[in-house]
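Student: Have a look at this one.
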Amino acid sequence: SGSDGGVCPKILQRCRRDSDCPGACICRGNGYCG
């Protein structure tokens, strides 16, 4: 606990690139983090 290094938070967030996304999320083709 305390570290979410490999976790992708379950929030809907728009993005253009992976670095726009929190945690271990990547920017998916639909324009949202996942």
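Glycine is treated like the rest: Cβ placed from N, Cα and C.
It should be emphasised that the depicted structure is a prediction, and the values quoted were computed from it without experimental measurement.
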Student: For the disulfide involving CYS27, grab the partner from CYS15, CYS25 as Swiss-Prot records it.
Tutor: CYS15
Student: When you measure from the Cβ of CYS15 (disulfide bond), how many other Cβ atoms are you left with inside 10 Å?
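Tutor: Summing over all protein chains shown, CYS15 (disulfide bond) has 18 other Cβ atoms within 10 Å.
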Student: If you compare CA-to-CA distances from CYS27 (disulfide bond) to each of the disulfide-bonded residues CYS8, CYS21, CYS33, which comes out shortest?
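Tutor: Closest recorded candidate to CYS27 (disulfide bond) by Cα: CYS33.
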